[in-house]
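Annotated in TrEMBL:
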type	residues	note
BINDING	20-23, 58-67, Asp93	FMN binding site
BINDING	Arg311, Arg343, Ala344, Phe345, Ser346, Gly377, Leu378, Cys379, Ser380, Trp557	FAD binding site
BINDING	Thr421, Ser476, Arg477, Lys482, Val483, Tyr484, Val485, Gln486, Asp519	NADP(+) binding site
DOMAIN	1-111	domain 'Flavodoxin-like'
DOMAIN	167-407	domain 'FAD-binding FR-type'
SIGNAL	1-25	signal peptide
Amino acid sequence: MCLFVEVNLISEPLVIFVCATAGQGDPPDNMKNFWRFIFRKNLPPTSLCQMDFAVLGLGDSSYAKFNFVAKKLHRRLLQLGGSALLPACLGDDQHELGPDAAIDPWLHDLWEKVLGLYPVPPDLGVIPPGVPLPSKFTLRFLPEAPKMCSEEQHVAGADPPGPPSEQQPFLAPMVTNQRVTSPSHFQDVRLIEFDITGSGLSFAAGDVVLIRPQNQASHVQQFCRVLGLDPDQYFTLLPREPGVPCPTQLPQPCSVRHLVSHYLDVASVPRRSFFELLACLSPHELEREKLLQFSAPQGQEELYSYCNRPRRSVLEVLCDFPHTAGAVPADYLLDLIPPIRPRAFSIASSLLAHPSRLQILVAVVHYRTRLKEPRRGLCSSWLASLDPGRGPVQVPLWVRPGSLTFPETPDTPVIMVGPGTGVAPFRAAVQERVARGQTGNFLFFGCRWRDQDFYWESEWLELERKGCLTLFTAFSREQERKVYVQHRLRELGPLVWDLLDRRGAYFYLAGNAKGMPADVSEALTSVFREEGGLSGPDAANYLARLQRTMRFQSETWA
(Lines of atoms letter the chains of each structure in order from A and count residues from 1; the text may use other names and numbers.)
(Lines give C-alpha, C1' and ligand atoms only; values in the text may rest on other atoms or scores of the structure.)
Protein backbone atom coordinates (compact mmCIF):
# COMPACT_ATOMS: atom_id res chain seq x y z
CA MET A 1 0.00 0.00 0.00
CA CYS A 2 2.73 2.44 1.00
CA LEU A 3 4.80 1.49 -2.08
CA PHE A 4 1.77 2.14 -4.30
CA VAL A 5 1.26 5.51 -2.64
CA GLU A 6 4.85 6.69 -2.93
CA VAL A 7 5.32 5.54 -6.50
CA ASN A 8 1.91 6.13 -8.07
CA LEU A 9 -0.34 8.42 -6.05
CA ILE A 10 1.18 11.72 -7.16
CA SER A 11 0.56 10.77 -10.81
CA GLU A 12 -2.94 9.31 -10.45
CA PRO A 13 -5.66 11.50 -12.00
CA LEU A 14 -8.55 9.81 -10.16
CA VAL A 15 -8.58 7.87 -6.87
CA ILE A 16 -11.53 6.56 -4.84
CA PHE A 17 -10.61 5.86 -1.21
CA VAL A 18 -12.66 3.40 0.84
CA CYS A 19 -11.74 3.28 4.52
CA ALA A 20 -12.99 2.20 7.93
CA THR A 21 -12.18 3.40 11.45
CA ALA A 22 -10.69 1.14 14.14
CA GLY A 23 -10.22 1.42 17.90
CA GLN A 24 -9.97 4.98 19.25
CA GLY A 25 -10.45 6.62 15.84
CA ASP A 26 -7.45 4.84 14.29
CA PRO A 27 -6.94 3.62 10.71
CA PRO A 28 -7.28 -0.16 10.23
CA ASP A 29 -4.09 -2.21 10.16
CA ASN A 30 -3.91 -2.49 6.37
CA MET A 31 -4.05 1.32 6.07
CA LYS A 32 -1.37 2.28 8.61
CA ASN A 33 1.57 2.58 6.17
CA PHE A 34 -0.52 4.73 3.86
CA TRP A 35 -1.72 6.83 6.84
CA ARG A 36 1.85 7.53 7.94
CA PHE A 37 2.82 8.48 4.39
CA ILE A 38 -0.11 10.82 3.69
CA PHE A 39 0.48 12.73 6.96
CA ARG A 40 4.21 13.30 6.43
CA LYS A 41 4.90 16.93 7.26
CA ASN A 42 7.34 17.37 4.37
CA LEU A 43 4.72 16.69 1.67
CA PRO A 44 4.28 19.90 -0.36
CA PRO A 45 0.77 21.42 -0.36
CA THR A 46 0.63 20.92 -4.14
CA SER A 47 1.52 17.18 -4.01
CA LEU A 48 -1.90 16.04 -5.27
CA CYS A 49 -2.99 19.06 -7.31
CA GLN A 50 -3.48 16.85 -10.39
CA MET A 51 -5.75 14.36 -8.60
CA ASP A 52 -9.55 14.14 -8.45
CA PHE A 53 -10.66 12.07 -5.48
CA ALA A 54 -13.62 10.85 -3.46
CA VAL A 55 -13.66 9.29 0.02
CA LEU A 56 -16.11 6.63 1.18
CA GLY A 57 -16.12 5.91 4.92
CA LEU A 58 -17.54 2.76 6.49
CA GLY A 59 -18.42 3.43 10.12
CA ASP A 60 -20.82 3.03 13.02
CA SER A 61 -22.43 6.08 14.61
CA SER A 62 -22.60 4.37 18.02
CA TYR A 63 -18.86 5.14 18.34
CA ALA A 64 -17.68 8.58 19.44
CA LYS A 65 -15.26 8.94 16.50
CA PHE A 66 -17.76 8.01 13.79
CA ASN A 67 -15.95 7.71 10.44
CA PHE A 68 -13.05 9.70 11.91
CA VAL A 69 -10.54 8.27 9.41
CA ALA A 70 -12.66 9.15 6.37
CA LYS A 71 -13.25 12.71 7.59
CA LYS A 72 -9.58 13.27 8.41
CA LEU A 73 -8.38 11.74 5.13
CA HIS A 74 -10.77 13.95 3.13
CA ARG A 75 -9.39 17.07 4.83
CA ARG A 76 -5.78 15.96 4.32
CA LEU A 77 -6.26 15.28 0.61
CA LEU A 78 -7.67 18.80 0.23
CA GLN A 79 -4.63 20.20 2.10
CA LEU A 80 -2.36 18.45 -0.42
CA GLY A 81 -4.13 20.07 -3.37
CA GLY A 82 -6.52 17.26 -4.34
CA SER A 83 -9.87 18.15 -5.88
CA ALA A 84 -12.87 16.48 -4.18
CA LEU A 85 -15.51 15.26 -6.60
CA LEU A 86 -18.03 15.00 -3.73
CA PRO A 87 -18.20 15.47 0.03
CA ALA A 88 -17.01 12.39 1.93
CA CYS A 89 -19.67 9.66 2.14
CA LEU A 90 -20.20 8.48 5.72
CA GLY A 91 -21.72 4.98 5.66
CA ASP A 92 -23.39 4.07 8.95
CA ASP A 93 -23.90 0.50 10.13
CA GLN A 94 -26.47 1.77 12.64
CA HIS A 95 -28.89 2.93 9.92
CA GLU A 96 -31.72 0.44 9.48
CA LEU A 97 -30.75 0.04 5.81
CA GLY A 98 -27.07 -0.17 6.71
CA PRO A 99 -24.29 1.76 4.95
CA ASP A 100 -26.18 1.52 1.63
CA ALA A 101 -28.57 4.24 2.82
CA ALA A 102 -25.73 6.75 2.41
CA ILE A 103 -23.73 4.94 -0.26
CA ASP A 104 -26.49 4.49 -2.89
CA PRO A 105 -27.16 8.19 -3.58
CA TRP A 106 -23.46 9.00 -3.22
CA LEU A 107 -22.49 6.38 -5.83
CA HIS A 108 -25.12 7.69 -8.21
CA ASP A 109 -23.63 11.19 -7.98
CA LEU A 110 -20.07 9.84 -8.13
CA TRP A 111 -20.63 7.96 -11.40
CA GLU A 112 -22.21 11.05 -12.90
CA LYS A 113 -19.13 13.11 -12.02
CA VAL A 114 -16.62 10.44 -13.07
CA LEU A 115 -18.25 9.67 -16.43
CA GLY A 116 -18.48 13.38 -17.13
CA LEU A 117 -14.74 13.79 -16.57
CA TYR A 118 -13.61 10.40 -17.90
CA PRO A 119 -16.09 9.08 -20.52
CA VAL A 120 -15.99 5.37 -21.40
CA PRO A 121 -13.85 4.91 -24.54
CA PRO A 122 -16.05 4.20 -27.58
CA ASP A 123 -14.29 0.89 -28.27
CA LEU A 124 -15.17 -0.48 -24.81
CA GLY A 125 -18.60 -1.94 -24.13
CA VAL A 126 -20.45 -1.87 -20.83
CA ILE A 127 -21.24 -5.24 -19.27
CA PRO A 128 -25.03 -5.60 -19.58
CA PRO A 129 -27.17 -5.85 -16.43
CA GLY A 130 -27.75 -9.44 -15.33
CA VAL A 131 -24.45 -10.75 -16.67
CA PRO A 132 -22.14 -11.86 -13.83
CA LEU A 133 -18.43 -11.15 -13.85
CA PRO A 134 -16.26 -14.28 -14.09
CA SER A 135 -15.78 -16.05 -10.77
CA LYS A 136 -12.55 -15.33 -8.92
CA PHE A 137 -11.71 -19.05 -8.62
CA THR A 138 -12.55 -22.31 -10.32
CA LEU A 139 -13.17 -25.50 -8.33
CA ARG A 140 -11.64 -28.52 -10.05
CA PHE A 141 -13.33 -31.57 -8.55
CA LEU A 142 -11.24 -34.70 -8.09
CA PRO A 143 -12.55 -38.10 -9.20
CA GLU A 144 -11.71 -39.62 -5.81
CA ALA A 145 -10.63 -38.54 -2.33
CA PRO A 146 -6.88 -38.06 -1.83
CA LYS A 147 -5.11 -40.84 0.04
CA MET A 148 -3.59 -38.42 2.54
CA CYS A 149 -6.11 -36.10 4.25
CA SER A 150 -4.31 -33.08 5.65
CA GLU A 151 -7.16 -30.73 6.55
CA GLU A 152 -6.56 -30.85 10.31
CA GLN A 153 -2.80 -30.66 9.79
CA HIS A 154 -3.34 -27.64 7.57
CA VAL A 155 -5.06 -25.81 10.43
CA ALA A 156 -2.34 -26.66 12.92
CA GLY A 157 0.58 -26.38 10.55
CA ALA A 158 4.09 -27.36 11.54
CA ASP A 159 6.73 -25.15 13.15
CA PRO A 160 5.18 -21.77 12.26
CA PRO A 161 7.84 -19.07 11.70
CA GLY A 162 6.43 -16.64 14.26
CA PRO A 163 3.70 -16.25 16.85
CA PRO A 164 0.23 -17.56 15.97
CA SER A 165 -1.67 -15.46 13.42
CA GLU A 166 -4.77 -15.53 11.25
CA GLN A 167 -2.82 -17.46 8.61
CA GLN A 168 -1.38 -19.84 11.21
CA PRO A 169 -3.54 -19.99 14.36
CA PHE A 170 -2.67 -21.99 17.46
CA LEU A 171 -4.87 -24.99 18.20
CA ALA A 172 -5.49 -24.28 21.89
CA PRO A 173 -6.83 -27.09 24.08
CA MET A 174 -9.96 -25.98 25.91
CA VAL A 175 -9.51 -26.63 29.63
CA THR A 176 -12.86 -25.53 31.09
CA ASN A 177 -16.19 -24.28 29.74
CA GLN A 178 -18.23 -23.14 32.74
CA ARG A 179 -21.55 -21.31 32.88
CA VAL A 180 -21.19 -18.38 35.30
CA THR A 181 -24.78 -17.09 35.31
CA SER A 182 -27.37 -18.80 37.49
CA PRO A 183 -29.60 -21.41 35.80
CA SER A 184 -32.60 -19.08 36.20
CA HIS A 185 -30.89 -16.15 34.48
CA PHE A 186 -32.09 -15.34 30.97
CA GLN A 187 -28.58 -15.33 29.49
CA ASP A 188 -26.02 -18.10 29.31
CA VAL A 189 -22.59 -16.56 29.97
CA ARG A 190 -19.49 -18.78 29.91
CA LEU A 191 -16.03 -18.50 31.41
CA ILE A 192 -13.84 -20.44 28.98
CA GLU A 193 -10.20 -21.26 29.64
CA PHE A 194 -7.57 -22.40 27.13
CA ASP A 195 -4.15 -23.95 27.66
CA ILE A 196 -1.62 -21.98 25.60
CA THR A 197 1.51 -23.87 26.71
CA GLY A 198 4.13 -23.80 23.96
CA SER A 199 2.07 -21.51 21.73
CA GLY A 200 4.40 -18.52 21.72
CA LEU A 201 1.39 -16.35 22.55
CA SER A 202 2.02 -13.27 24.65
CA PHE A 203 -0.54 -10.66 25.68
CA ALA A 204 -1.16 -7.80 28.08
CA ALA A 205 -4.26 -6.37 29.71
CA GLY A 206 -6.51 -4.86 27.05
CA ASP A 207 -5.48 -7.29 24.31
CA VAL A 208 -7.99 -9.47 22.47
CA VAL A 209 -8.08 -13.05 21.28
CA LEU A 210 -9.48 -13.91 17.87
CA ILE A 211 -11.32 -17.14 17.22
CA ARG A 212 -12.67 -18.39 13.91
CA PRO A 213 -15.78 -20.51 14.56
CA GLN A 214 -17.31 -23.36 12.59
CA ASN A 215 -20.79 -23.85 11.16
CA GLN A 216 -23.19 -26.34 12.71
CA ALA A 217 -23.03 -29.80 11.17
CA SER A 218 -26.79 -29.70 10.46
CA HIS A 219 -26.36 -26.41 8.55
CA VAL A 220 -23.50 -27.89 6.53
CA GLN A 221 -25.68 -30.86 5.54
CA GLN A 222 -28.63 -28.63 4.66
CA PHE A 223 -26.46 -26.30 2.57
CA CYS A 224 -24.99 -29.19 0.58
CA ARG A 225 -28.45 -30.66 0.02
CA VAL A 226 -29.97 -27.38 -1.24
CA LEU A 227 -27.05 -26.70 -3.61
CA GLY A 228 -26.75 -30.32 -4.75
CA LEU A 229 -23.19 -30.72 -3.45
CA ASP A 230 -21.52 -33.89 -2.20
CA PRO A 231 -19.89 -32.96 1.14
CA ASP A 232 -17.33 -35.75 0.78
CA GLN A 233 -16.11 -34.69 -2.66
CA TYR A 234 -12.67 -33.09 -2.91
CA PHE A 235 -11.53 -30.25 -5.13
CA THR A 236 -8.55 -28.03 -5.80
CA LEU A 237 -8.97 -24.27 -5.99
CA LEU A 238 -7.52 -22.44 -8.99
CA PRO A 239 -7.44 -18.63 -9.35
CA ARG A 240 -8.63 -17.32 -12.72
CA GLU A 241 -6.19 -14.40 -12.68
CA PRO A 242 -2.41 -14.73 -12.20
CA GLY A 243 -1.12 -13.42 -8.90
CA VAL A 244 -4.39 -13.97 -7.02
CA PRO A 245 -3.65 -16.06 -3.91
CA CYS A 246 -5.96 -18.82 -2.72
CA PRO A 247 -7.42 -18.39 0.79
CA THR A 248 -4.80 -19.50 3.29
CA GLN A 249 -7.49 -21.06 5.52
CA LEU A 250 -8.30 -23.72 2.90
CA PRO A 251 -6.11 -26.80 2.38
CA GLN A 252 -5.30 -28.06 -1.09
CA PRO A 253 -7.02 -30.35 -1.93
CA CYS A 254 -10.08 -29.53 0.15
CA SER A 255 -13.37 -31.31 0.77
CA VAL A 256 -16.71 -29.59 0.23
CA ARG A 257 -17.53 -30.38 3.86
CA HIS A 258 -14.41 -28.56 5.07
CA LEU A 259 -15.15 -25.58 2.81
CA VAL A 260 -18.68 -25.20 4.17
CA SER A 261 -17.83 -26.04 7.80
CA HIS A 262 -14.75 -23.85 8.20
CA TYR A 263 -14.87 -21.15 5.52
CA LEU A 264 -18.25 -20.15 4.05
CA ASP A 265 -20.34 -18.02 6.43
CA VAL A 266 -23.71 -19.59 5.63
CA ALA A 267 -25.13 -18.36 8.97
CA SER A 268 -24.46 -14.67 8.22
CA VAL A 269 -27.16 -12.20 7.17
CA PRO A 270 -26.54 -11.65 3.45
CA ARG A 271 -25.76 -8.22 2.04
CA ARG A 272 -27.35 -6.69 -1.00
CA SER A 273 -24.45 -7.80 -3.23
CA PHE A 274 -25.41 -11.41 -2.44
CA PHE A 275 -28.87 -10.85 -3.98
CA GLU A 276 -27.36 -9.06 -6.99
CA LEU A 277 -25.08 -11.98 -7.86
CA LEU A 278 -27.72 -14.59 -7.04
CA ALA A 279 -30.11 -12.86 -9.45
CA CYS A 280 -27.46 -13.05 -12.19
CA LEU A 281 -27.05 -16.79 -11.59
CA SER A 282 -30.76 -17.63 -11.37
CA PRO A 283 -32.37 -19.60 -14.23
CA HIS A 284 -35.85 -19.34 -12.64
CA GLU A 285 -37.94 -16.39 -13.86
CA LEU A 286 -40.06 -15.79 -10.75
CA GLU A 287 -37.17 -16.23 -8.32
CA ARG A 288 -34.90 -14.03 -10.45
CA GLU A 289 -37.55 -11.31 -10.54
CA LYS A 290 -37.77 -11.27 -6.74
CA LEU A 291 -33.99 -11.30 -6.35
CA LEU A 292 -33.68 -8.34 -8.73
CA GLN A 293 -36.28 -6.50 -6.69
CA PHE A 294 -34.30 -7.07 -3.51
CA SER A 295 -31.06 -5.90 -5.12
CA ALA A 296 -32.48 -2.69 -6.65
CA PRO A 297 -32.10 0.63 -4.73
CA GLN A 298 -35.89 1.05 -4.62
CA GLY A 299 -36.28 -2.42 -3.08
CA GLN A 300 -34.18 -1.78 0.02
CA GLU A 301 -37.10 -1.31 2.41
CA GLU A 302 -38.54 -4.66 1.32
CA LEU A 303 -35.13 -6.32 1.56
CA TYR A 304 -34.71 -4.96 5.08
CA SER A 305 -38.09 -6.39 6.12
CA TYR A 306 -37.34 -9.76 4.53
CA CYS A 307 -33.71 -10.17 5.52
CA ASN A 308 -32.23 -7.71 8.04
CA ARG A 309 -35.09 -7.24 10.48
CA PRO A 310 -35.64 -10.99 11.16
CA ARG A 311 -31.87 -11.69 10.71
CA ARG A 312 -32.46 -14.25 7.95
CA SER A 313 -29.29 -16.17 7.09
CA VAL A 314 -27.61 -16.96 3.77
CA LEU A 315 -28.68 -20.58 4.17
CA GLU A 316 -32.33 -19.64 4.83
CA VAL A 317 -32.40 -17.35 1.79
CA LEU A 318 -31.04 -20.14 -0.40
CA CYS A 319 -33.76 -22.45 0.95
CA ASP A 320 -36.36 -19.81 0.02
CA PHE A 321 -35.02 -19.75 -3.57
CA PRO A 322 -34.49 -23.48 -4.20
CA HIS A 323 -34.44 -23.40 -8.02
CA THR A 324 -31.79 -20.69 -7.97
CA ALA A 325 -29.75 -22.36 -5.21
CA GLY A 326 -29.71 -25.67 -7.06
CA ALA A 327 -28.30 -23.95 -10.14
CA VAL A 328 -25.47 -21.98 -8.48
CA PRO A 329 -22.19 -23.06 -10.15
CA ALA A 330 -19.69 -24.29 -7.58
CA ASP A 331 -17.11 -21.86 -9.03
CA TYR A 332 -19.16 -18.94 -7.65
CA LEU A 333 -19.41 -20.17 -4.05
CA LEU A 334 -16.50 -18.03 -2.84
CA ASP A 335 -17.84 -14.96 -4.68
CA LEU A 336 -21.38 -15.41 -3.40
CA ILE A 337 -20.80 -16.25 0.26
CA PRO A 338 -18.39 -14.31 2.48
CA PRO A 339 -15.75 -16.11 4.53
CA ILE A 340 -16.35 -16.72 8.23
CA ARG A 341 -14.83 -13.78 10.05
CA PRO A 342 -12.87 -14.35 13.23
CA ARG A 343 -14.61 -13.08 16.37
CA ALA A 344 -12.70 -10.96 18.87
CA PHE A 345 -13.03 -11.43 22.62
CA SER A 346 -11.42 -9.33 25.33
CA ILE A 347 -8.91 -11.46 27.20
CA ALA A 348 -10.15 -11.78 30.78
CA SER A 349 -6.96 -13.02 32.45
CA SER A 350 -3.35 -11.98 32.93
CA LEU A 351 -0.37 -14.22 32.29
CA LEU A 352 1.06 -12.92 35.56
CA ALA A 353 -1.88 -14.47 37.44
CA HIS A 354 -2.55 -17.47 35.16
CA PRO A 355 0.66 -18.52 33.38
CA SER A 356 0.08 -20.59 30.22
CA ARG A 357 -3.66 -19.91 30.38
CA LEU A 358 -6.00 -17.62 28.46
CA GLN A 359 -9.55 -16.94 29.69
CA ILE A 360 -12.52 -15.26 28.02
CA LEU A 361 -16.05 -14.37 29.12
CA VAL A 362 -18.60 -15.26 26.44
CA ALA A 363 -22.27 -14.25 26.39
CA VAL A 364 -24.05 -16.86 24.26
CA VAL A 365 -26.16 -15.01 21.69
CA HIS A 366 -29.66 -16.50 21.43
CA TYR A 367 -32.84 -14.61 20.60
CA ARG A 368 -36.09 -14.94 18.69
CA THR A 369 -37.42 -13.11 15.65
CA ARG A 370 -40.53 -13.87 13.63
CA LEU A 371 -38.65 -16.76 12.03
CA LYS A 372 -39.34 -20.22 13.44
CA GLU A 373 -35.76 -21.07 14.34
CA PRO A 374 -34.17 -18.91 17.08
CA ARG A 375 -31.22 -16.75 16.02
CA ARG A 376 -27.91 -17.89 17.47
CA GLY A 377 -24.52 -16.25 17.48
CA LEU A 378 -22.25 -18.43 15.35
CA CYS A 379 -19.12 -18.22 17.50
CA SER A 380 -20.68 -18.00 20.97
CA SER A 381 -23.01 -20.94 20.27
CA TRP A 382 -20.20 -23.01 18.81
CA LEU A 383 -17.95 -22.34 21.81
CA ALA A 384 -20.79 -23.10 24.25
CA SER A 385 -21.37 -26.46 22.54
CA LEU A 386 -17.79 -27.63 23.13
CA ASP A 387 -17.33 -29.83 26.18
CA PRO A 388 -13.74 -30.67 27.16
CA GLY A 389 -15.15 -33.08 29.75
CA ARG A 390 -16.16 -35.46 26.95
CA GLY A 391 -12.78 -35.55 25.25
CA PRO A 392 -10.05 -33.27 23.90
CA VAL A 393 -11.29 -30.02 22.34
CA GLN A 394 -9.04 -27.67 20.37
CA VAL A 395 -9.91 -24.16 19.19
CA PRO A 396 -7.84 -22.23 16.60
CA LEU A 397 -6.94 -18.81 18.00
CA TRP A 398 -4.43 -15.97 17.95
CA VAL A 399 -4.12 -12.63 19.76
CA ARG A 400 -3.67 -9.00 18.78
CA PRO A 401 -3.40 -5.70 20.65
CA GLY A 402 -6.75 -4.28 21.75
CA SER A 403 -7.83 -0.66 21.93
CA LEU A 404 -7.23 -0.36 25.69
CA THR A 405 -3.75 0.38 27.05
CA PHE A 406 -3.03 0.85 30.75
CA PRO A 407 -0.47 3.16 32.39
CA GLU A 408 2.74 1.53 33.57
CA THR A 409 3.52 4.05 36.30
CA PRO A 410 2.88 2.47 39.72
CA ASP A 411 0.98 5.37 41.29
CA THR A 412 -1.38 6.34 38.43
CA PRO A 413 -4.98 5.42 39.40
CA VAL A 414 -7.36 3.79 36.93
CA ILE A 415 -11.16 4.08 36.91
CA MET A 416 -12.71 1.11 35.07
CA VAL A 417 -16.40 1.03 34.13
CA GLY A 418 -17.44 -2.40 32.90
CA PRO A 419 -21.10 -3.40 33.14
CA GLY A 420 -21.98 -6.99 32.23
CA THR A 421 -19.40 -8.81 30.13
CA GLY A 422 -17.71 -5.44 29.61
CA VAL A 423 -15.85 -6.21 32.84
CA ALA A 424 -13.72 -8.89 31.10
CA PRO A 425 -10.73 -6.72 30.07
CA PHE A 426 -10.71 -5.09 33.52
CA ARG A 427 -10.28 -8.44 35.23
CA ALA A 428 -7.08 -8.88 33.19
CA ALA A 429 -6.05 -5.32 34.06
CA VAL A 430 -6.68 -5.73 37.79
CA GLN A 431 -4.81 -9.05 37.89
CA GLU A 432 -1.88 -7.52 36.04
CA ARG A 433 -1.75 -4.34 38.12
CA VAL A 434 -2.07 -6.20 41.43
CA ALA A 435 0.76 -8.57 40.41
CA ARG A 436 2.94 -5.52 39.66
CA GLY A 437 2.06 -3.77 42.89
CA GLN A 438 0.14 -0.95 41.14
CA THR A 439 -2.43 0.65 43.41
CA GLY A 440 -5.41 2.90 42.78
CA ASN A 441 -7.67 0.35 41.08
CA PHE A 442 -11.30 1.56 41.00
CA LEU A 443 -13.90 -0.69 39.36
CA PHE A 444 -17.54 0.17 38.59
CA PHE A 445 -19.43 -3.01 37.78
CA GLY A 446 -23.11 -3.32 36.91
CA CYS A 447 -25.45 -6.26 36.33
CA ARG A 448 -29.07 -7.20 36.97
CA TRP A 449 -28.90 -9.29 40.13
CA ARG A 450 -26.17 -9.84 42.71
CA ASP A 451 -26.91 -13.57 42.94
CA GLN A 452 -27.36 -14.27 39.22
CA ASP A 453 -24.85 -12.40 37.04
CA PHE A 454 -22.23 -10.88 39.35
CA TYR A 455 -19.17 -12.20 37.51
CA TRP A 456 -16.13 -12.97 39.69
CA GLU A 457 -17.86 -11.71 42.85
CA SER A 458 -15.67 -13.64 45.30
CA GLU A 459 -12.52 -12.61 43.44
CA TRP A 460 -13.39 -8.89 43.58
CA LEU A 461 -14.36 -9.05 47.25
CA GLU A 462 -11.13 -10.82 48.19
CA LEU A 463 -9.07 -8.19 46.35
CA GLU A 464 -11.06 -5.46 48.07
CA ARG A 465 -10.43 -7.10 51.46
CA LYS A 466 -6.69 -7.06 50.71
CA GLY A 467 -6.81 -3.37 49.81
CA CYS A 468 -5.93 -4.00 46.13
CA LEU A 469 -9.26 -2.84 44.68
CA THR A 470 -12.07 -0.38 45.34
CA LEU A 471 -15.33 -1.83 43.99
CA PHE A 472 -18.61 -0.02 43.25
CA THR A 473 -21.61 -2.06 42.10
CA ALA A 474 -24.93 -1.30 40.46
CA PHE A 475 -27.55 -4.08 40.54
CA SER A 476 -30.20 -2.65 38.26
CA ARG A 477 -33.14 -4.91 39.16
CA GLU A 478 -32.79 -5.11 42.94
CA GLN A 479 -34.85 -2.00 43.66
CA GLU A 480 -37.89 -0.35 42.17
CA ARG A 481 -35.89 2.30 40.33
CA LYS A 482 -33.21 0.86 38.05
CA VAL A 483 -29.66 1.77 39.02
CA TYR A 484 -26.85 1.65 36.46
CA VAL A 485 -23.11 2.38 36.51
CA GLN A 486 -23.68 5.96 35.32
CA HIS A 487 -25.79 6.61 38.43
CA ARG A 488 -22.94 5.38 40.64
CA LEU A 489 -20.52 7.68 38.82
CA ARG A 490 -22.72 10.68 39.59
CA GLU A 491 -23.18 9.63 43.21
CA LEU A 492 -19.40 9.36 43.59
CA GLY A 493 -18.75 12.59 41.70
CA PRO A 494 -16.34 14.07 44.28
CA LEU A 495 -14.14 10.94 44.15
CA VAL A 496 -14.26 10.72 40.33
CA TRP A 497 -13.32 14.41 39.96
CA ASP A 498 -10.51 14.12 42.50
CA LEU A 499 -9.07 11.06 40.75
CA LEU A 500 -9.21 12.59 37.27
CA ASP A 501 -8.34 16.22 37.95
CA ARG A 502 -5.96 16.05 40.91
CA ARG A 503 -4.45 12.57 40.73
CA GLY A 504 -4.18 12.15 36.93
CA ALA A 505 -6.29 8.99 36.74
CA TYR A 506 -7.07 7.19 33.52
CA PHE A 507 -10.71 6.36 32.75
CA TYR A 508 -11.77 3.19 30.92
CA LEU A 509 -15.14 2.07 29.60
CA ALA A 510 -16.10 -1.29 28.09
CA GLY A 511 -19.43 -2.89 27.23
CA ASN A 512 -22.45 -2.71 24.96
CA ALA A 513 -22.46 0.26 22.59
CA LYS A 514 -26.23 0.71 22.47
CA GLY A 515 -26.82 3.49 25.01
CA MET A 516 -24.41 2.97 27.89
CA PRO A 517 -21.37 4.86 26.48
CA ALA A 518 -23.43 8.02 25.88
CA ASP A 519 -24.98 7.74 29.36
CA VAL A 520 -21.55 7.38 30.98
CA SER A 521 -20.16 10.35 29.03
CA GLU A 522 -23.15 12.42 30.12
CA ALA A 523 -22.60 11.38 33.75
CA LEU A 524 -18.94 12.42 33.51
CA THR A 525 -19.69 15.86 32.06
CA SER A 526 -22.26 16.30 34.82
CA VAL A 527 -19.54 15.50 37.40
CA PHE A 528 -17.20 18.00 35.73
CA ARG A 529 -19.86 20.72 35.98
CA GLU A 530 -20.94 19.99 39.54
CA GLU A 531 -17.61 19.09 41.15
CA GLY A 532 -15.23 21.02 38.93
CA GLY A 533 -17.42 24.09 38.49
CA LEU A 534 -17.04 23.95 34.70
CA SER A 535 -19.55 25.39 32.26
CA GLY A 536 -21.30 23.04 29.82
CA PRO A 537 -18.88 23.76 26.94
CA ASP A 538 -15.84 23.57 29.24
CA ALA A 539 -17.02 20.24 30.65
CA ALA A 540 -17.37 18.87 27.09
CA ASN A 541 -13.89 20.18 26.24
CA TYR A 542 -12.47 18.59 29.39
CA LEU A 543 -13.86 15.21 28.33
CA ALA A 544 -12.54 15.69 24.78
CA ARG A 545 -9.09 16.48 26.20
CA LEU A 546 -9.14 13.27 28.24
CA GLN A 547 -9.98 11.35 25.06
CA ARG A 548 -7.32 13.13 23.03
CA THR A 549 -4.58 12.38 25.58
CA MET A 550 -5.73 8.73 25.90
CA ARG A 551 -6.80 9.25 29.52
CA PHE A 552 -10.33 8.28 28.45
CA GLN A 553 -10.42 5.03 26.49
CA SER A 554 -13.35 2.87 25.49
CA GLU A 555 -13.98 -0.52 23.92
CA THR A 556 -17.62 -1.03 23.00
CA TRP A 557 -19.48 -3.41 20.73
CA ALA A 558 -22.92 -3.54 19.17
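Placement of Cβ uses the backbone N, Cα and C atoms for every residue, glycine included.
Annotated features, which come from TrEMBL, shown on the structure.
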residue	record	Cβ contacts under 8 Å, 6 or more apart
Ala20	FMN binding site	Pro28, Gly57, Leu58, Gly59, Val69
Ala64	FMN binding site	Gly25, Pro517, Ser521, Gln547, Ser554
Phe66	FMN binding site	Thr21, Gly59, Asp60, Leu90, Asp92
Arg311	FAD binding site	Val269, Thr369, Leu371, Arg375
Ser346	FAD binding site	Gly206, Val208, Ile360, Leu361, Gly402, Ala424, Pro425, Ala428, Ala510, Glu555
Arg477	NADP(+) binding site	Arg448, Trp449
Val485	NADP(+) binding site	Val417, Pro419, Phe444, Phe445, Gly446, Ala474, Met516, Val520
Response to the item:
Summed over the domain 'Flavodoxin-like' (1-111), the DSSP helix, strand and coil counts are 44 helix, 23 strand, 44 coil
Worksheet item: Cβ distance under 8 Å to Ala22 (FMN binding site), same chain, sequence separation 6 or more: which residues?
Response: Pro28, Asp29, Val69, Ser403
Discussion item. Please report the distance from the Cα of Asp519 (NADP(+) binding site) to the Cα of Ser62 (FMN binding site), rounded to the nearest angstrom.
Written reply: 12
Worksheet entry | Average pLDDT across the domain 'Flavodoxin-like' (1-111), rounded to a whole number | 87
Worksheet, complete the sentence: The most crowded of the binding-site residues Asp60, Asp93, Asp519, judged by neighbouring Cβ atoms within 10 Å of its own Cβ, is Asp60
Item to complete: Pick the one among the binding-site residues Ser62, Ser380, Thr421 whose Cβ has the fewest other Cβ atoms within 10 Å in this structure.
Response: Ser62
Worksheet item: Nearest to Ser380 (FAD binding site) in three-dimensional space, by Cα, is which of the binding-site residues Ser62, Asp93, Thr421, Val483?
Response: Thr421
Discussion item. So if I measure Cβ to Cβ from Ala344 (FAD binding site) and keep only same-chain residues at least 6 apart in sequence, which ones fall under 8 Å?
Written reply: Val208, Val209, Leu210, Arg400
Discussion item. For the FAD binding site, please report the maximum Cα-Cα distance among Arg311, Arg343, Ala344, Phe345, Ser346, Gly377, Leu378, Cys379, Ser380, Trp557 in Å.
Written reply: 25
Worksheet, complete the sentence: Rounded Cα distance in angstrom between Ser62 (FMN binding site) and Thr421 (NADP(+) binding site) is 18
Item to complete: Report the same-chain neighbours of Val483 (NADP(+) binding site): residues 6+ apart in sequence with Cβ closer than 8 Å to its Cβ, ordered by sequence.
Response: Gly446, Ala474, Phe475, Ser476
Worksheet item: C-alpha of Thr421 (NADP(+) binding site) to C-alpha of Asp93 (FMN binding site): distance in Å?
Response: 23
Worksheet, complete the sentence: One should report the C-alpha separation between Leu378 (FAD binding site) and Asp93 (FMN binding site), rounded to whole angstrom, as 20
